[in-house]
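According to TrEMBL, the features are:
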- Glu1224: active site, proton acceptor (ACT_SITE)
- Cys13, Cys18, Cys21, Cys43: [2Fe-2S] cluster 1 binding site (BINDING)
- Cys83, Cys86, Cys118, Cys120: [2Fe-2S] cluster 2 binding site (BINDING)
- Ser308, Leu309, Gly310, Gly311, Asn312, Asp321, Arg383: FAD binding site (BINDING)
- Gln729, Phe760, Arg874, Ala1042: Mo-molybdopterin binding site (BINDING)
- Phe876: substrate binding site (BINDING)
- 1-61: domain '2Fe-2S ferredoxin-type' (DOMAIN)
- 181-375: domain 'FAD-binding PCMH-type' (DOMAIN)
Amino acid sequence: MTSVRLTGTKYGCGGGGCGACTVMVSHYRPATKTITHYSANACLLPLCQLHGAAVTTVEGVGSTRTRIHPVQERIAKAHGSQCGFCSPGMVMSVYTLLRNRPQPAMDDITHALQGNLCRCTGYRPIIDGCRTFCQEADCCQANGAGDCCLNGEETLEETQHEKPELFDKREFLPLDPTQELIFPPELIFLSDKDKNLKTIYKVVEKNNKNLGIKAQKNINFVHSVCPDIKFKGILHPLIISPTRVLDLFEVTQTPHGVWVGAGCSLTEVCSLLEKLLPQFPEEKTEVFRALSQQLGKVGSLQIRNVASLGGNIMIAYPNSDLNPVLAAGNCKVSVISNGGRREVPLNQDFFVSFGKTILKPEEIVVSVFIPFSRKGELVRAYRQAPRKESSFCTVTSGMRVFFSQGSSVVQDLSIYYGGMGPTTVSATQTCTAISVSFRPWDDETLQRAYDVLLDELVLPPSAPGGKVEFRRSLTLSFLFKFNLEVLQKLREMNVITEELLETMQIQPLPREIQPGLQVFQHVPKDQRDQDPVGRPIMHRSAISQATGEAVYCDDIPRTDGELFLALVTSSRAHAKITGLDVSQALRLPGVVDVITAKDVPGQKVRKMFGYEEVLLAEAEVSCVGQMICAVVADTRAHAKRGAAAVKIGYEDLPEPLFTVEEASEKSSFFEPRRMIEKGNVAEAFKTVDHVHQGEFRMGGQEHFYMETQSMLVVPVGEETEFNAYVSTQWPTGTQDAIAEALGIPSNRVTCHVKRIGGAFGGKVVKTATLACITAVAAWKTNCAVRCVLERGEDMLISGARHPVLGKYKVGFMNDGRIMAADMQYYTNAGNTVDESPLVVDKILLHIDNAYNIPNLRGRGAACRTNLPSNTAFRGFGVPQSIMVLENMLNDVAMVLGRPADQVIREINMYQGPSVTHYGLEFSPENLWRCWDQCKEKSDYAARRRAADRFNQDNCWKKRGLAIVPIKYGIAFAESFLNQAAALVHVYKDGSVLVSHGGTEMGQGLHTKMQQVASRELGIPPSKIYISETSTNTVPNTCPSAASYGTDANGMAVRNACQTLYQRLEPIRQKNPKGSWESWVKAAFLDKISLSATGFYRGPDLYMDWDKMAGRPYAYFTFGACFCEVELDCLTGDYRAVRTDIVMDIGRSVNPSMDIGQIEGAFLQGLGLYTLEELKFSPSGLLYTRGPSQYKIPAVCDVPLRFNVYLLPDSHNPHAIYSSKGIGEPSLFLGSSVFFAIKDAVAAARSESGLVGPFPLDSPATPERACLACASPFTQKIPASTPGSFKPWALNI
């Protein structure tokens, strides 16, 4: 696509897991004379599969040069595009839906978006923009601005029209299906050339017979072939696409069932089953319904549109969603070879081993038989996955039972599981235990079956995939769920008369996303209409991002002779390098050179906090993924192949350290270690009523910015000058690093940043190191060199949020007042220092959060381990710091048996004029306002009572509630980082160009700067342009971080604009009625400078750690968040039913940007605390290196009711226009979901007589939540003895 300059389709992961590369594929079907459209992942589509197809990319949908499409407009104007890297994929998913269904339902929208990930927005604005296409969009609150008819909280007088809205749907272009692109007529003629199975054999025979074609996989499941080629280096000499082989798509109905062509996509099979369901009696469609239910959860829609039924079977994945159901349902496959055709049952003998079946290599699956069910037969499917949608299963199951007519005697029973071994397994012994001697289906029979099942399906403690106790408990839970459904069915058949207790019934978790509220203040009545400050202005690049025209680093056109760089990284965690052989790599086609540490002309190390980090390892490696050398080649593919050919010799060094416990034992720390204390903690412990000790462990978090680390370094050609185009948050830091590595002055290096496709703190330190290596390659070859990491490389190399172990001792009174707390934090820093000491500092500065603990001590240490170095991440230690504190408060509440939310938290919150533990005075008034309004808006008391009733009425589902506050310090404690500069040019035609030191990474910084310049110059934003951030226009920039970008750069832009405005004052006085353009022209003729720099010194902040006092923050951002969840205690699945956030952000410069930041940060926090898990092998290798293994929140994780309120009448004299920084504070509020889950778990535990504090580490994944519930089934699972086995993954 780059060769024809169609760069709108983005490359996000390469494995079909993020949806950034979504395109629409259209085919003509001659049998029905119709054209079908479906969305697909471009990264998984081989060209052979597109013969005769029309492919539409985002450029074909609409552009600013022609006309934008309503989908692009609505996603942009509803503020659904922040960094914008995912926007083209979102557009294409919804566009394809509208081509098939111009008036979709809301379920269709969420269904279409289930395979598209976004790390910025929190999805709510995307959903709201797409909701306007729905028939129900005429609802009074469909655009998210009003609440009227669906909630009785607002009075009739407070109509929607009196409230400011984020967007006005009345301005949207109408959707006109008649104006869409037509299918190319020439492709219709190709449809007459369809093939049959004989053609496949001719193709195979024509080629070398020794190719070793694996027909089942290559023909039927392209989804598995492409990742094999791209990520595993597997070379398939012959790939055949069956899309035009009609034999593989035939559907034949028989008296006993339906034969479905093996080439039919999973989407087509699901549609077929849904059409067949109403055509037959319910008793005949049990298998159809179970399959249809499971099909809707396999992968994403994009994958189901391409993956075939036969391929899904033949890939023989042990966690398959479909194979257990097909096997339990007595399905079979028809296969063909040169020897003829035969039918093979899908049973326990079909799946031989991992990825292998009983079929012969030359056999091709032609069709799959799905039988009708019989009267008295029940078929069900169950699954549990790390994420509700677009996720491989942890355990899946298909179950079928057949009863004698009119009785509960079991005639036949089949139970199959996926995820319990290397293949789909049959619980044969369990089935025998139930059906032997024709036993009736009753509790006695099932109790015996549970014990047999537990003995039959055994997993060793070190089984691949881990989660052994959880997986074993799920087998029992699924059988129990099946039991409940069977009993209900028997009652409906009048076979049994006993009513199933209502508390025992299990209904699915709620899933309907409702419109939410986004409430903010009107601008003052006397504000000029032209003044955009305080208004919900659309992101200035949103339209370009939605049309795919926005240029990211890898979209920059290739230059002549440009080379691509691929990294070679360590495969050992702690070892000496004994040899580096690059000879084979250099002999490969296209490989130009290999860059090693010896090639670095300047500094080979980067220094931070007194420690050195090598750019490229030369003598020793200290983690898996450490960079050793880099291969430079003429194409990306050649560079990757060259990197794979580099041979490295190692000599392992003893005792690598991976956990904080191991590091602490060996005193492996990065100095300095910190301590801060207020009051006399030791004495206070002697006077309290209770003392409690505990610990809390938090895992790390991958940034998962949608655009991976990307850079292009171009030699100018004279005087060692270089242009670096880098996706970085700190252009000056990258400029300085490159200059040092090349041994040249900084004035020879210009760093350019147009925009960043997400960063979240992960594009500061490691980005500069990668840019240095790329620059060395450009210097050595004298060619432009591009480096864009694959998703797996990025996750392996770039580090993550620091995992933390927090230990605490707390002393408190009977009424809940905490009098003393001693807290110790151990962060896993990884192998290099990075910014870890600063993270520890910020952890200790926030150990009080919103609470006034009179005697408080905190200690922090950055542990040096042999994992990849961890780095800055949104929140910079605060989400870990406060989480340990809030968990401690929860423990106090459980010890006392009192509510944590309204007693323990409130009684300990700061009140009146207050002083932090480091001596900073502040007023908590707005903290309390946020807290009280959050309780009021969420109707907390009533919802608590309703949740208690729900929990009494439901045995296996529980609801939990939580409300948490946040007090977050804004600005850098390192005072020099708070400065900013700007440069503003006014051109003779009146247009204005603004440059400043901040980078645009989706937070809307450029948009806000445009608003600032508009207000100060008194001109509309349309006259103001911001091109990029570059070090040759604004030097010595500081990182765009710490939620301080708007504060600092806004003041600098304001300063520059005020200077220009004052220069024009004499001109305005001469011609007060003149236009802006006339004033500018007159000023030029009067030789008045129309260019000005602006500077903001920033506050003088500091922290004296020796005195344990200081003023490290300019001010605090306050907030509170309520969350209610519903938890399935048998599987650990949950759904956030409602979330209400109240944030104090002063006077918002742009409410749409700020609400978007709040929602996006909240969902990122939800991921941190409940979903996202980094898994490392015992040798230190990161397992989770892509979206198939690492799950960030998706559309299915958005709270069903998501309300955000900006605190009214708040002012902040410390920032521009009385605003407040908001990028980071609301991330911690995602912990409300964690504590709501913990509340639900406590309700479940109480029914088993378990009360008091209990451990639940973060993230509260389904595994942890389920095991913590301590249901009768989890209690049956024997725990493995620690130390008696080698775990599959480390407990980091």
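Here the Cβ of each residue, glycine as well, is placed from N, Cα and C on the backbone.
Annotated features, which come from TrEMBL, shown on the structure.
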| residue | record | Cβ within 10 Å |
| --- | --- | --- |
| Cys18 | [2Fe-2S] cluster 1 binding site | 31 |
| Cys43 | [2Fe-2S] cluster 1 binding site | 23 |
| Cys83 | [2Fe-2S] cluster 2 binding site | 30 |
| Cys86 | [2Fe-2S] cluster 2 binding site | 30 |
| Cys118 | [2Fe-2S] cluster 2 binding site | 32 |
| Cys120 | [2Fe-2S] cluster 2 binding site | 29 |
| Ser308 | FAD binding site | 28 |
| Gln729 | Mo-molybdopterin binding site | 28 |
| Phe760 | Mo-molybdopterin binding site | 30 |
| Phe876 | substrate binding site | 25 |
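Separating the Cα atoms of Asp321 (FAD binding site) and Arg874 (Mo-molybdopterin binding site) is a whole-number distance of 36 Å. Averaged over the domain '2Fe-2S ferredoxin-type' (1-61), the predicted model reaches a pLDDT of 90. Cβ neighbour count within 10 Å across all protein chains ranks Leu309 highest among the binding-site residues Cys21, Leu309. Cβ neighbour count for Asn312 (FAD binding site) (all protein chains, 10 Å cutoff from its Cβ): 28. Those same-chain residues not listed among Cys83, Cys86, Cys118, Cys120 yet with C-beta within 8 angstroms of the centroid of the [2Fe-2S] cluster 2 site C-beta atoms are Ser81, Gln82, Gly84, Phe85, Ser87, Arg119, Thr121, Met706, Gly757, Gly758, Gly1002, Gly1160. Shown for the domain '2Fe-2S ferredoxin-type' (1-61): DSSP residue counts in helix, strand and coil, namely 14 helix, 19 strand, 28 coil. The residues near the [2Fe-2S] cluster 1 site, meaning same-chain residues not in Cys13, Cys18, Cys21, Cys43 whose C-beta sits within 8 angstroms of the mean position of the site's C-beta atoms, are Lys10, Tyr11, Gly12, Gly14, Gly15, Gly16, Gly17, Gly19, Ala20, Asn41, Ala42, Gly89, Arg791, Pro1187, in sequence order. On the backbone, the CA of Leu309 (FAD binding site) and the CA of Glu1224 (active site, proton acceptor) stand 45 Å apart. Taking the mean position of the Cβ atoms of Gln729, Phe760, Arg874, Ala1042 as the Mo-molybdopterin site, the remaining same-chain residues with a Cβ inside 8 Å of that point are Ala759, Gly761, Gly762, Val764, Ala872, Phe873, Phe876, Pro1039, Ser1040, Ala1041, Gly1223, Glu1224. Other Cβ atoms within 10 Å of the Cβ of Cys13 ([2Fe-2S] cluster 1 binding site), summed over all protein chains shown, number 26. Annotation: Cys86 are the recorded positions among Cys86, Phe760, Phe876, Glu1224 whose CA atoms are within 10 angstroms of the CA of Cys21 ([2Fe-2S] cluster 1 binding site).
For Cys13 ([2Fe-2S] cluster 1 binding site) paired with Cys86 ([2Fe-2S] cluster 2 binding site), the C-alpha to C-alpha distance reads 11 Å. It is 44 Å from the Cα atom of Arg874 (Mo-molybdopterin binding site) to that of Gly310 (FAD binding site).
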